[in-house]
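**Student:** Among the features that TrEMBL reports, active site is placed at Arg279. The annotation Zn(2+) binding site is assigned in TrEMBL to Gln97, His99, Glu134, His260. What TrEMBL lists as domain 'Phosphomannose isomerase type I catalytic' is 1-149. Per TrEMBL, region 'Disordered' is recorded for 398-423.
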Amino acid sequence: MWRLANHVRQYAWGSTTEIPRLLGIEPNGQPQAELWLGAHPSAPSTIASGGTEPIGLDAMIASDPVTTLGTEVARSFNKRLPFLLKFLAVAQPLSLQAHPDKERAQAGFAAEEAAGIPIDAPHRNYRDPNHKPELVMALGEFEALCGFRSPAASAADLAGLTTPLAQALHADLTAADPSAALRSAMTRLLTLPADQRATLVTETAEELAERATAPSRHLRAVLDLAERYPGDPGAIAALLLNHVVLSPGQALFLPAGNVHAYLHGVAVEVMATSDNVLRAGLTTKHVDPEELLKVLDYSMLPIPYVEPVVRDGLIEYRPDIDDFALIVAEPREKAVWLPEGPAIALVVEGAVELHAPSGGNLALARGESAFLSARTGPVLASGQGRIIIATVAQQPAATTADHHDHTTRWSSVHPTLDPVNPR
């Protein structure tokens, strides 16, 4: 087990208070949007190493991938930690965006490398050759736009509007095939002529606002985006998407091609280790609507909630993907066994102590985190707190014999701790 030091990413949409509150430090007045925990080369977590210079988690894993990741994970994920954990503090809406699948990411990365585009260039789309599926779990109320809703529902919101854009979109959305309807409407919005775009969008947003005597929360979000980003087609595109308000503990899984935008709130997010983002609007950053349109999934699907499974004293969120799973542990009356590494653990409430029967204890307060290597083996968490754990989904479950062995070895070392259903 190793204590981590993590990078804070300062983006304009971030809260000035939430990450400082998590870390127990004074706010500096600057927006602090994301706390990154992982081995992504652009901002790897670091580990103190015996009084010497801290070592990056990416470098430590590269020096001994089998010990840190385990043989199977090292082989399956090219000797790299396959996930990145983030704490998100959203004070203002993020961009309208989607992420590529692995095939598209590999092709896009190769093309931009061949074109000689610097990896940190603002206009670069593909910063690595990996996909970026994501799971976001709310820590408080968390508001987002996610995936396409029924084109009939969007058409109903536009019915009766007289602006040229609204009427054209209404015609697009009433086509027989839902996917074709959504593709047509989204393509129209994101390819509006540059010399007409602002006028077409603004007059449509104004008519929507004038007609909205009792707007839904979704429509209020659309109008708020139109006010924040006047003339931006992304604000009207938000009308085509599902509006979601997550309660604490609810989670969404966002696969490749799912168009989305986070609007407000605090959450944790785990994703494949990638920084590939294709944006179409609602941002001052580089946008590439044409590339985004190529990767979008235009299916009309249910909102992709992830239902947690409670077992062995843990709350587990396991989407259908190998790269990651998100697990919540809440040791209070009883200690709980954490999933075996590789894993990253972040304490978001209270304080806990991690105990490895193989040797070593680590006390973590709110905002502190640790990397659990494959070699660490089972780890018991005690105390009064809440721990967010990112791990690899493909990890095999512990067997009944493992449970018995872990408990027997542990009780001989710490007879005062009472683990619940150790795993």
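Just so it is clear, glycine is given a Cβ too, placed from its N, Cα and C backbone atoms.
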**Student:** Identify, in sequence order, the residues in the chain of His260 (Zn(2+) binding site) that are 6 or more apart from it along the sequence and have a CB within less than 8 Å of its CB; answer 'none' if there are none.
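**Tutor:** Those within reach of His260 (Zn(2+) binding site), by Cβ under 8 Å and sequence separation of 6 or more, are Leu96, Gln97, Ala98, Ala144, Leu145, Cys146, Gly147, Leu241, Leu254.
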**Student:** Taking the mean position of the Cβ atoms of Gln97, His99, Glu134, His260 as the Zn(2+) site, which residues outside that list, in the same chain, have a Cβ no more than 8 Å away, listed in sequence order?
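**Tutor:** For the Zn(2+) site the neighbour list reads Ala98, Lys132, Leu254, Asn258, Val259, Val277.
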**Student:** In sequence order, which same-chain residues at least six apart have a C-beta under 8 angstroms from the residue listed as 'active site'?
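**Tutor:** In sequence order, the residues whose Cβ lies under 8 Å from that of the residue listed as 'active site' (at least 6 apart) are Ser95, Leu96, Gln97, Lys285, His286, Val287, Asp288, Leu292.
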**Student:** Once near-sequence residues are set aside, which residues in the chain of His99 (Zn(2+) binding site), 6 or more away, have Cβ atoms under 8 Å from its Cβ?
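**Tutor:** Counting only residues 6 or more apart in sequence, the Cβ neighbours of His99 (Zn(2+) binding site) under 8 Å are His131, Lys132, Pro133, Glu134, Leu254, Ala256, Gly257, Asn258, Ser274, Asn276, Val277, Leu278, Val295.
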**Student:** Just to be sure I understand, if DSSP states are collapsed into helix, strand and coil, how many residues of the domain 'Phosphomannose isomerase type I catalytic' (1-149) fall in each?
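**Tutor:** Per-class counts: 37 helix, 47 strand, 65 coil.
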